[in-house]
Amino acid sequence: MDLYEYQGKELLRSYDLETLPGIVAGTPEEAARAAETLGGTVAVKAQVLIGGRGKAGGIAVVHSAREAREAAERILGMDIRGHTVRRVYVEGGAEIEAEYYLSITVDRAAKRPLILFSTEGGVDIEEVAETKPEAIVRTHVDPLLGLLPYQVREIVFAAGLEGDAAKGVGRTLNNLYRAFEGLDASLVEINPLVLTKDGRVLTLDSKVTVDNSSLYRHTDIAELHDVEAADPQEQRAQEVGLQYVKLDGNVGILGNGAGLVMSTLDVVAQAGGEPANFCDVGGGADAEKISEALDIVTSNEQVESVLFNIFGGITRGDEVARGLLSAIERTGIGLPIVVRLDGTNAEEGRRILAENTPENVHTEETMLDAARRAVELARGARDSNGGR
Amino acid sequence: MAILVDDGTRLVVQGITGREGAFHTGRMLESGTNVVAGVTPGKGGQNHDGVPVFNTVHEAAEETGANASVIFVPPPFAADAIFESLDSGMKTICCITEGIPVHDMMRVADFIETKDATLIGPNCPGVLSPGKANVSIMPRDIFTPGKVGVVSRSGTLTYQIVNELTQRGIGQSTAVGIGGDPIIGTDFIEILGKFEEDPETDCVAMIGEIGGNAEQLAAEFVRSQMKTPVVAYIAGFTAPEGKTMGHAGAIVSGGESTAEAKSEALRGAGIRAATNPSEVAELVAEALGG
């Protein structure tokens, strides 16, 4: 789960990371009031869950309440790479001496936290990695031991820091690692981390991603989930424990297991079709969950046909068949549905379907045939609808 | 022969009395797996499908000589179940549980380095050696004994490919689902190494997906260390960037994590890379024939 800058900063403050004072605003008036409260030069920053807002014009440095209002008027509602700005963060200013980069991520290959620090902050770190890799200090942390004092010293010395900068960055490193652990984060990134002219080290921007699998033990963070930013169907799917992703085509896809679903998307594309969305019912879905999933997939108006691809392991074919039939009965879905059912209890599932096949349900033996059929039916539906 | 699990496997099922644990214990027994014990804290002394249930893995190991475990414990308690298994001397541990926090898994991955044990998963379908042992949730009917090793990050996609192989009359030595999470116990490379050493595996089918760079690392291993031919397939050619595609680990977050980049790296290492599951079976047939 990605957090907005202002949410991330609030959490980081509780781990003693220093930030500038800031106020969230949802309207130009609120932004003006915030600028007045903070006083002096302030930054008006678009709150979006995607990078590149600076380049897109989503940050303005202003000197009065009037300017803050104007900037917020311009930035609120702005579209930044597909994300609508609905809030700005108005933040006090500071006199900056130097800009650093600091992040902690999960290194999948090493299976450990990885700290990246660079004195070349404020810019895209991937660019630094490419043009000046020696400017990045990389340190793996043993998750059972935690970040050790000598490692902090190594990082600070390797970066060539001294005095206030060395002390401040060292303190920040310790606090950020505590935050990374305590928040169950998969990423905490501060870019830039700044050294001010008066010797303080401040978190100027923050990116915090919390591991979704850990949210059960972070109910306060789970509540920060931005319902407005999510697609309504994605939101509904999440509430019932399904994985749903909206795409742009007209074939709705329902399957079990991430790999099979991704492969189904690929095969539909190879058959000349375009997936409208997909819903992964995961492992061990019962009839109720299957029924819910079908409902979510078909509630997307782009969908002209549904491809139902289940290869049961922990999921049982009879449950799948019952769920499918009950969803059709309950909601009266008339869209063509192509079913391909294999694996655990698949025979019983196929028998249940054969006994009660509604008119709009077609069964196919293989994944490839099922994909072709679904693409064909979607095309047919589109033609007969005059390309709705 | 086979890898990881075989006739010598003495299995303990952690979470044997839960919905999934109970169901799949029955299926593992039907496959002829030597399930010697089950563990559910507080239910020790009971019996499940003729399998004695214990309160702890230590107790189960002492009483039955178990040497492998399969875990069906809910996510908040699953990492602890892995630690328990490791401390009780289990040599092969398959963790089926999906949704274990990444930080928990980093601690597990760290601890396991001090033990002589192999963790498969989590968020995986387990390991099945047809005709020998089934330590998995995989549907056994689709398998047939033979000489193709299968290793995959995905569960259901593994079934799809095994099914395609079997329908072509191509049997399998062992199928291993390594799991779709960002942090897993055993990577492609370790499994590929075991298949390379297995005299009865003549070809390996490797099934990857978007996210991370495990497939690229595997490609380099195949190129430099393996004589056994490898056929690969990466799912997720059409996955958009920045969206988690079902598996916590399946997200395109940069150029190298796309299906295309991975397929290219595989081909660059001389590996036959398929574009859909049916083609995998075709390429395996080709590799075995040549």
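Quick reminder: no glycine exception, Cβ is built from N, Cα and C everywhere.
The domain 'CoA-binding' annotation in TrEMBL covers B:4-100.
Within the same chain, residues at least six positions away from B:Lys43 (CoA binding site) with a Cβ under 8 Å of its Cβ are B:Thr17, B:Val53, B:Asn55. DSSP assigns B:Lys43 (CoA binding site) to coil, not to a helix or a strand. According to TrEMBL, the feature CoA binding site maps to B:Thr17, B:Gly18, B:Arg19, B:Glu20, B:Lys43, B:Ile96, B:Thr97, B:Glu98.
There are 31 other Cβ atoms within 10 Å of the Cβ belonging to B:Tyr159 (substrate binding site). DSSP assigns B:Tyr159 (substrate binding site) to a helical segment in the three-state reduction. Positions annotated as substrate binding site by TrEMBL: B:Tyr159.
In this structure, B:His247 (active site, tele-phosphohistidine intermediate) belongs to neither helix nor strand by DSSP; it is coil. If you look up TrEMBL, you'll see B:His247 marked as active site, tele-phosphohistidine intermediate.
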Query = Based on Cα coordinates, which of the following binding-site residues are within 10 Å of B:His247 (active site, tele-phosphohistidine intermediate): B:Gly18, B:Arg19, B:Glu20, B:Thr97, B:Glu98, B:Tyr159?
reply = B:Glu98
Key: Fewest-neighbour residue among binding-site residues, criterion Cβ within 10 Å, set B:Gly18, B:Arg19, B:Glu20   = B:Arg19
Message = Among all protein chains shown, how many Cβ atoms are found within 10 Å of the Cβ of B:Thr97 (CoA binding site), not counting that one?
response = 26
Task = Would you mind giving the whole-number mean pLDDT across the domain 'CoA-binding' (B:4-100)?
result = 95
Task = To the nearest whole angstrom, state the Cα distance for the pair B:Thr97 (CoA binding site) and B:Tyr159 (substrate binding site).
result = 18
Query = Of the binding-site residues B:Gly18, B:Arg19, B:Glu20, B:Ile96, B:Glu98, which sits closest to B:Tyr159 (substrate binding site) by Cα distance?
reply = B:Ile96
Inquiry  = Need the DSSP three-state call for B:Gly18 (CoA binding site) to compare against my parser.
reply    = coil
Request  = Under 8 Å, Cβ to Cβ, against chain A: pull out the ones among the binding-site residues B:Thr17, B:Gly18, B:Glu20, B:Lys43, B:Glu98 that qualify, in sequence order.
outcome  = B:Glu20, B:Glu98
